[in-house]
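Visitor: Pasting in a structure now, in structure tokens, and then I'll have a few things to ask.
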Ligand code: GLY
């Protein structure tokens, strides 16, 4: 067994596929399809390399290419512009050229960082994503957002730079800690609320039993999520309009991540809390059926996701003013008129955020 499903991404800059596979077996075939590759640079974390070497080494060596591994440190604090010069120098020393291919093997940090390096080295060389976390499979590896952090903000330096292909080997999820499952699940939940219909009903009916890389239900969620994201980025690659909906829940998430100094929550856990804040605001400002507040709380509980935070409501609202997606002093939200019917760029007053967050604390 290997290929489960392939999903086509069509953007104005590039067309490519996202393949879901049970394992690494068909990775060499995907690399062979990239024309005239001179050498391969695997960007990964040292620990991951140890875990997965037995899977990917034999596959990669069958290509007969010169292969180098470049180790990058995990964690958001290492996805920083200050970490880039040493990597550019290493690529130069190892003889990387315009026909080299970078393979980003890991979670969102590895994907964003490697993609950023690929987009800038020699004015851009080709790269491919091999996501090994649930969050990277369903979100960060798809759609070509690549970035590094600056001292004063997350993902402040980057671009839209699409990969040659995405190869998601789901057996890499076999070693995923519980927290990482939650992290990916909240992005699946986000996509399902934005899509509505059957997909949302499937997610509503599920539970933490899907936190298993062999689960057919999980495979279905991952495929649904990628199909949904493919549909959105194919219509709006560079987030001029529609793609903004993918930031649903993120305004609050960024504020509480920053207020808790990136220590209390993983990104996905913060997103889960943010989805509920946005749902409360959607009920109050867009006429979303109020039963969705309770429904979402139940879904969060079923997947072991947090749904409230103790931060001071006023501080959360003040922090939101720093969000890079704001225009001037107005705080913009993605909200839902109903599941499957999102609206974006909705201005929300600080006082409205404060009362929504207070309401959420008391659920
Ligand atoms: N993660 C949001 C986006 O790719 O647009």
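The backbone N, Cα and C atoms fix where each Cβ goes, and this holds for glycine too.
Checked TrEMBL, it gives:
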BINDING   108, 109, 110, 111, 112, 132, 133, 145, 154  NAD(+) binding site
BINDING   187, 250, 267  Zn(2+) binding site
DOMAIN    70-182  domain '3-dehydroquinate synthase N-terminal'
DOMAIN    184-326  domain '3-dehydroquinate synthase C-terminal'
Visitor: Taking DSSP states H, G and I as helix and E and B as strand, how many residues of the domain '3-dehydroquinate synthase C-terminal' (184-326) are helix, strand and coil?
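Guide: Computed counts for the domain '3-dehydroquinate synthase C-terminal' (184-326) are 100 helix, 0 strand, 43 coil.
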Visitor: May I have the DSSP-based helix, strand and coil counts for the residues of the domain '3-dehydroquinate synthase N-terminal' (70-182)?
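Guide: Taking the domain '3-dehydroquinate synthase N-terminal' (70-182) as a whole: 50 helix, 33 strand, 30 coil.
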Visitor: Whole-number Å distance between the CA of residue 108 (NAD(+) binding site) and the CA of residue 187 (Zn(2+) binding site)?
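Guide: So the alpha carbons of residue 108 (NAD(+) binding site) and residue 187 (Zn(2+) binding site) sit roughly 12 Å from each other.
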Visitor: Round to the nearest Å and give the CA-to-CA distance linking residue 154 (NAD(+) binding site) with residue 187 (Zn(2+) binding site).
Guide: 18
Visitor: Which residues, same chain and not among 187, 250, 267, have a CB within 8 angstroms of the centroid of the CB atoms at the recorded Zn(2+) site?
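Guide: Going along the sequence, the neighbours appear as 135, 139, 183, 186, 190, 249, 253, 268, 270, 271, 274.
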Visitor: Far apart in sequence but close in space: which same-chain residues, 6 or more away, have a Cβ under 8 Å from residue 110 (NAD(+) binding site)?
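Guide: Expected: 43, 44, 45, 48, 72, 74, 104, 136.
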Visitor: Would you mind giving the whole-number mean pLDDT across the domain '3-dehydroquinate synthase N-terminal' (70-182)?
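Guide: On average, pLDDT over the domain '3-dehydroquinate synthase N-terminal' (70-182) sits at 96.
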Visitor: In sequence order, which same-chain residues at least six apart have a C-beta under 8 angstroms from residue 187 (Zn(2+) binding site)?
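Guide: Non-local contacts for residue 187 (Zn(2+) binding site): 135, 138, 139, 225, 268, 271.
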Visitor: State, in Å as a whole number, the widest CA to CA span among the NAD(+)-binding residues 108, 109, 110, 111, 112, 132, 133, 145, 154 given in the record.
Guide: 22
Visitor: Quick one, of the binding-site residues 154, 250, 267, which Cβ has the fewest other Cβ within 10 Å?
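Guide: 154, out of the binding-site residues 154, 250, 267, has the fewest neighbouring Cβ atoms within 10 Å.
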Visitor: Return only the integer: C-alpha distance in Å from residue 267 (Zn(2+) binding site) to residue 112 (NAD(+) binding site).
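Guide: Between the Cα atoms of residue 267 (Zn(2+) binding site) and residue 112 (NAD(+) binding site), the distance comes to 14 Å.
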